[in-house]
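One structure is given below, encoded as structure tokens.
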Amino acid sequence: MPHDNIPFPVTFAAGAVAGISEVLTLYPLDVVKTRMQLSVGKSDYNGTFDCLKKIVKNEGPHRLYRGILPPILMEAPKRALKFASNDTYSKLWRKVFKRKDSSPALSILTGSCAGFTETFVVVPFELMKIRLQDVKNASKYNGTVDCFTKIVKQERILALYNGFEATMWRHVVWNAGYFGVIQKIRNSLTPASSRIGEIRNNLIAGTIGGIFGTFLSTPFDVIKSRIQTVPRIAGQVPKYNWAYPALVTVAREEGFTALYKGFVPKVLRLGPGGGILLVVFNSVIEFYKRCLVHNASA
């Protein structure tokens with residue numbers, strides 16, 4: 001999906017617009033996903049819609065948007081880096097391997113590199129979002145700024161990067177699955193003969209890519225949420241620390257299926273969300289191209 005003649009700032013801006021569009025549309029499902037992932041042992045919720053209903057009934061509809069500021073602040077640079085760095089890495093690796101076009105293997109490689117890159121931006125915002133979404137922490141923080149201030153004051157500035165390794169694996173795996181599948185799906189679809197057809201193909205490819213990436217990355221997301229919700233205390237070794245040992249701990253104590261807690265709301269968000277991302281990103285790129293043509297003919 002590289003756009004060889006599109007400047008980096010344009011792909012960066014297109015990714016930012018795509019990210020904000022996706023989070024504003026589907027954020028409540030992220031709240032539900034986090035609540036389900038943080039329930040240890042027997043869940044407090046009997047599925048996605050039961051969780052939604054209980055949050056609205058017991059805490060009010062506004063709780064479905066609690067903690068949305070960090071994702072909004074995060075989504076612009078995160079999605080911008082996702083698409084812009086994916087394009088940049090695609091050009092780099094095609095040059096290294098002397099290929100004109102990308103292949104599924106190269107798409108997986110470039111997606112993984114893009115996922116690693118965006119992790120550096122994501123972690124502090126993810127940590128604050130998780131703390132604000134967790135019902136057990138709800139009374140500790142009075143909004144995003146208060147959450148940031150208390151974490152830095154009580155746990156020190158580096159605490160904002162708790163869970164970096166687990167977050168890195170989540171993003172590397174999700175991006176590898178997402179970008180690796182998109183090209184394959186689009187090549188198998190009937191070529192679009194109109195703008196509507198192009199949007200349809202992007203929506204289908206992006207949605208399938210989002211579902212596949214979510215299936216691969218959910219265990220790391222569960223671990224990341226567990227790591228980030230608990231403040232670090234000096235002298236105490238946390239129960240969940242590194243990703244792979246934590247995966248084994250959760251699977252042993254709660255069963256393998258516990259690694260897929262919150263999968264339904266997550267896939268309901270990131271499946272269509274992957275489609276929205278691809279459609280909006282390519283729409284912004286196409287708008288830029290039309291502007292270039294218009295300016296050239298003026």
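Every residue, even glycine, has its Cβ placed from backbone N, Cα and C.
Residues or ranges marked as repeat 'Solcar 1' in Swiss-Prot: 6-92.
Residues or ranges marked as repeat 'Solcar 2' in Swiss-Prot: 102-188.
Sequence annotations record features per position, and here Swiss-Prot assigns repeat 'Solcar 3' to 197-287.
According to Swiss-Prot, the transmembrane segment annotation covers 6-26 (among others).
Sequence annotations record features per position, and here Swiss-Prot assigns transmembrane segment to 62-81 (among others).
Listed by sequence, the residues of this chain that lie at least six past the ends of the transmembrane segment (105-125) yet keep a Cβ under 8 A from its Cβ atoms are 1, 70-71, 73-74, 77-78, 81-83, 85-86, 89-90, 93-94, 97, 99, 160-164, 167-168, 171-180, 182-183. Taken from Swiss-Prot, the feature transmembrane segment applies to 105-125 (among others), supported by sequence analysis.
A Cβ distance under 8 Å defines the sequence-distant neighbours of the transmembrane segment (159-179), meaning residues of its chain 6+ beyond its ends; these are 1, 82, 86, 107-112, 114-116, 118-119, 122-124, 126-128, 148, 151-152, 209-210, 212-217, 220-221, 223-224, 227-228, 231-232, 242-243, 246, 270, 274. What Swiss-Prot records for 159-179 (among others) is transmembrane segment.
Feature annotation from Swiss-Prot assigns transmembrane segment to 203-223 (among others); the stated evidence is sequence analysis.
Residues or ranges marked as transmembrane segment in Swiss-Prot: 267-287 (among others). Remote same-chain partners of the transmembrane segment (267-287), defined as residues 6 or more beyond its termini with a Cβ less than 8 Å from a stretch Cβ, comprise 3, 6, 10-11, 13-15, 17-19, 21-22, 25-26, 29-30, 33, 48, 79, 83, 174, 178, 182, 198-199, 202-211, 213-215, 218.
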